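Step one of this worksheet: look at the structure below.
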Amino acid sequence: MNELPQQLANGLILGAMYGLIAIGYTMVYGIVQLINFAHGEIFMVGGFGALTIYLWMPDGFALGAAIPLMILGGVIVSVAVATAAERFAYRPLRTAPRLAPLITAIGLSIVLQQVVWMWYPDAKKDHPFPQFEGGPIEILGANIQRGDLFVLIAAPLCMFALGLFVTKTRSGRGMQATAQDPDTAKLMGINTDRIIVMAFAIGAAFAAIAAVAYGLKNGQVGFRMGFLMGLKAFTAAVLGGIGNIYGAMLGGVCLGVAEALATGYIGDIPGMDLFGGGAWKDVWAFSLLILVLLFRPQGLLGERVADRA
Amino acid sequence: MRQRSLIAITAALAAGSLTLTACGSRDDSSSGGGDKTTVVIGVDAPLTGDLSALGLGIQNSADLAVKTANKSEYVKGVEFKLEPLDDQAQPSVGQQNAQKFISDKDVLGVVGPLNSSVSQQMQKPFADAGLTQISPANTGTELTQGDGWKTGNSVRQFKTFFRTATTDEVQGAFAAEYLYSKAGIKKVYLIDDQKTYGAGLAASFKANYTKLGGKIVGSDHVNPDDRDFNSVVAKIKKTGAEALYYGGEYPAAAPLSQQLKDSGQNIPLMGGDGIYSGEFPKLNKKADGDLATSVGKPVEQLDSAKEFIKNYEAGGYKDAYEAYGGLTYDATWAIIEAVKIAVEGNDGKVPSDGRKAVLDAMAKVKFDGVTGTISFDEFGDTTNTMMTAYKVENSAWTPEYSASPKLG
């Protein structure tokens, strides 16, 4: 059996999830030049928010009907945590040296992990997440799990909505203006504080949707899941060109597909069997990142930001 | 600007490490309750992080042993105290904890750690200090017998290291024998998580399985933090494997097994004691048919263990005793026994060189513990090599077969 379609599908699903999280990194960076390392944890609390809603549902409630409510719950928790973080941790440091908010973000990430570990009931272990019943669906020679369909539908919808929002609405255009030049934007009457909060909130909402996708796909959520996913999503954002929302999704998909293909095929190349397989997939993914950055330092779709960085 | 931020980082780090030290040293002053001498037993386990479920089970089981000994005044004139430290499953933290135990003169024995990789960093400092260490969970064969065990040149590595868990060698041999002879599976795909435990177990399984005539049709390694294994699973399909053997722990094994079955391959995943956790079938909706080996007879089947379970439940611990509860209780009790032997050999008083006396007494320790008769051989390994294979049925582990495997 030809496994290429399967591996491509695996990569696409994983990559779409990376992309959804990467949006949060890229939007916040585009506007305040902050690498919000706590974003992985925003993703994680979204997963727990969605799970909590599900656990409150009466028994026998269909998962399909519960999903919109779970997304809503996850989004509320993520957005609340992200905006609180912006207000109390990042805003006081907005004029501080670049390193201060960066370190704050790392600290915040640890705090959020430990808060969930300590106070969410039984969160010291991974929590089972509800999953769809029924077998996989075959599309173009690849088996797609029912849970994975969620991210394949949600990711393009989210991107479409975000694209419309940024280009067509007043707030979206304000966001673009703030990203280009915050001071001038302020002089033109744009409430930049509100725009910054909005960037954090949109990123958090996308992260929460990704967290629901993660739970449906892997059947579990845990307090540590944000770290690795956050790191990968950050990589995806850089790969696609940090600051560019479409770049984030493209970077995510490239990263996911690269990981899947590296796992599936590198080991089969003669003489490379030591460097293939699941253990080396990250090495190959990051090699790809370095290669892209060598030839296009601004990332795949990035604009030149030398004057800002 | 740059200098100022460097100063800020340094200050933050310094403050952080100070806080950590402060946490660790809170129990330094020994409270000699009345005319009793306080003997501290250290516990090192991952109390936070994704293995904290197992780690907290270890801490609680050791606590139970200490409380039981104190309540019955098992060693006259001695009050035992537990000092648990968190190693976060990280070797570097484990080494710091080892130093902390060594510097506290009241510590006469240490129970732990959970991870073989952590143990590797703790053995040397403990050996230098002559402090007895008993691990309830380390199964890496080389920890006691050195790298030469594969070629039959076993040499004891550290005179202070003991364990109540059996070795990967025994476990791998048992798993291979069960899978090949009892389950009739002749083709296996092999995956490990590259940690000391997982890789060692996988290697031991591979050696024993091929010796029996089984075929390893492919192998791969994964990262223990990964939860998405669809790409790995897609590769297994074309090899025609009849089972997947996984060297690693349940947090990754559960999604691996489920994704394997989701991909349409109805073959069992088998693992060692690292996946024999009640969490495994909870996190994996398609766990039925999966196999695991674990040390000793099922705790629930042993009369000696019934009391342990009863006391554990009466103790009101928030977290379950998990896979290593019984072995931890026995490890802690072995130290208590050694202290008893040392005290009785010294007219009822704790000897002035307590650590040496406890270490010398370890060779004489023999008692009926939770998991069977506990004593240690010339390498510091447990003499109890009884193993049990378990199978998931209706989302719960059920014992299938118990035996002591033949080695060599």
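Just so you know, glycine gets a Cβ as well, placed from its N, Cα and C.
Taken from TrEMBL, the feature transmembrane segment applies to A:12-32, A:39-57, A:63-85, A:97-120, A:149-167, A:195-215, A:246-266.
Of the Cβ pairs linking the transmembrane segment (A:149-167) with the transmembrane segment (A:39-57) and spaced 6 or more residues apart, fewer than 3 are under 8 Å, so the two regions do not touch. For the transmembrane segment (A:39-57), the partner stretch with the most Cβ pairs below 8 Å, chosen from A:12-32, A:63-85, A:97-120, A:195-215, is A:63-85. Taking every listed stretch (A:12-32, A:97-120, A:246-266) in turn, the largest tally of C-beta pairs under 8 A with the transmembrane segment (A:195-215) is reached by A:12-32.
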